[in-house]
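See structure below.
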Amino acid sequence: MKRKSKYNWLQITLFLLAVVGVGMAASVTIKMMIGVGAWDAICQSLYFMTGIEIGTIGIGLNVILLLAQIALLRKNFRPINLLQIPLSLLLGVVVNWTLYSLLTDFFIDNYLLQLLIFTLAIATMAFCVSLIVILDVVPFPAEGICLAISTVTKWPFARVRQGFDVLCIISSLILTLIFSLTFTIREGTIIGMLILGPLLGFFIPRLEKLLEAHGIIQGKSKLEEEYEDMEGSMIL
């Protein structure tokens, strides 16, 4: 059954909590210093270049992605997707606060413990992203631009989303090599790419049933249907 575009207060509240959860979990993966996801890799590389806080860089890049959606979709752009701006602001503020205030003195030297905490953070991120996909209030700008490209070109969303991640990783590597930056693509990046997809596949159907049982949602969102065709792709 197709999702109706009507939101309730509980749906909005869960969505906002999930966005905060994604921001905090992503920040924890960065603090572990064993590699980050594709999106965080390019943000962190630009941070190493400029000294601008990672969350602030993320806000700027997300605004660029939103403008690209408007340029691609033109009259087909849905005005509700302008909410990606406050969404990006919230995410950026959470990342900056977590990294530079909450966890500013949080360091772990034990590699196995770093791996464990990193994996738990990825699992938390997968849970929160699953909620965001199911609740379907507004997509992250990364998902938004991939949906826009898929709509205009008729390419499968899964291929576009994975291509977006590859582009972020390649861009991060190029910046790292040209400007002699610290590598952000490491074993954690591979671990995330291997486990995030299966975790989304685990969480999404279960959370969907739970939220439907409590009357919070009805039917599947378009983005949820697209993710059902994906086997694994880093999201942030």
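Using the three backbone atoms N, Cα and C, a Cβ is placed for every residue, glycine included.
According to TrEMBL, the protein has these features:
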type	residues	note
TRANSMEM	12-34	transmembrane segment
TRANSMEM	46-68	transmembrane segment
TRANSMEM	80-99	transmembrane segment
TRANSMEM	111-135	transmembrane segment
TRANSMEM	164-183	transmembrane segment
TRANSMEM	189-207	transmembrane segment
Task: Among the ranges 12-34, 46-68, 80-99, 189-207, the one whose Cβ pairs under 8 Å to the transmembrane segment (111-135) are most numerous - done: 12-34
Task: Contact yes or no, the transmembrane segment (164-183) and the transmembrane segment (12-34), 3+ Cβ pairs under 8 Å, gap 6+ - done: no
Open item on the list: Against the transmembrane segment (80-99), which of these stretches has the most C-beta pairs under 8 Å: 12-34, 46-68, 189-207?
Closed with: 46-68
